[in-house]
Ligand SMILES: [Fe+2]
């Protein structure tokens, strides 16, 4: 995993991402988000929650609480580092490639869409490939009528620290398009940075593993939902049976 490389040698991604960028981006920016978050949540109800839960709770359906930005940035950066590897890039394979071709038409069309999302995110933010299971395109809204068609890969972009966890999507890949991510290596040429990231750095193995986890999570949720519906139906039919019995009892006594 890249984080281990970063701990031992910060030139692991050269020449595509320089040691200077990693020292500055990982060593200063990412570190600051983590340290500030720890200070912000100590002694609060968020202390002790998983980082994912801190993000969702502090997103507060779009009315963000103060720790949100540091929590989401801490998570986003770790996810970003793990999305890369020395000698990455190229093309995915297996089910990931099949789903990309199904949902975007071809791998090239996906690349175009991902690069465009990353290049056109106005100001600071992120671009993502995510697995969307059974939710609507509404913040934190539960889809009452999920279908197979809802399960698909999507490309989305997000401003500042926001990430797709807050829409209940499963992120699979991300690129940081804050200027601090590329300025030392590419100055203001964001599209060049995005191309190098996709061509030389992405770890498709990691993205494939994340897809497996996302699909397993969606299946588990569906099973839980079915069990809940069944229990509800059973409870309702028991209630009806009691009513029939009570009605019958009353008519006999009249
Ligand atoms: Fe960053």
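Each Cβ is built from the backbone N, Cα and C atoms, and glycine gets one as well.
Source: prediction; values computed, not measured.
According to TrEMBL:
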- 25, 77, 176, 180: Mn(2+) binding site (BINDING)
- 220-231: compositional bias 'Basic and acidic residues' (COMPBIAS)
- 232-254: compositional bias 'Acidic residues' (COMPBIAS)
- 10-85: domain 'Manganese/iron superoxide dismutase N-terminal' (DOMAIN)
- 92-210: domain 'Manganese/iron superoxide dismutase C-terminal' (DOMAIN)
- 220-254: region 'Disordered' (REGION)
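Taking the features listed in TrEMBL, we show where each one sits on the structure.
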residue : record              : DSSP (3 states)
25      : Mn(2+) binding site : helix
77      : Mn(2+) binding site : helix
176     : Mn(2+) binding site : strand
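The record gives 25, 77, 176, 180 for Mn(2+). Within 8 Å of the mean position of their Cβ atoms, the other Cβ atoms in that chain belong to 26, 29, 30, 80, 178, 181. Sequence-distant neighbours of residue 176 (Mn(2+) binding site): residues of the same chain at least 6 apart with a C-beta under 8 Å from its C-beta are 25, 76, 77, 80, 126. Taking H, G and I as helix, E and B as strand and the rest as coil, DSSP gives the domain 'Manganese/iron superoxide dismutase C-terminal' (92-210) the counts 58 helix, 26 strand, 35 coil.
Counting only residues at least six positions away in the same chain, the Cβ atoms of 24, 25, 29 sit under 8 Å from the Cβ of residue 180 (Mn(2+) binding site). Look at the domain 'Manganese/iron superoxide dismutase N-terminal' (10-85): DSSP puts its residues at 50 helix, 1 strand, 25 coil.
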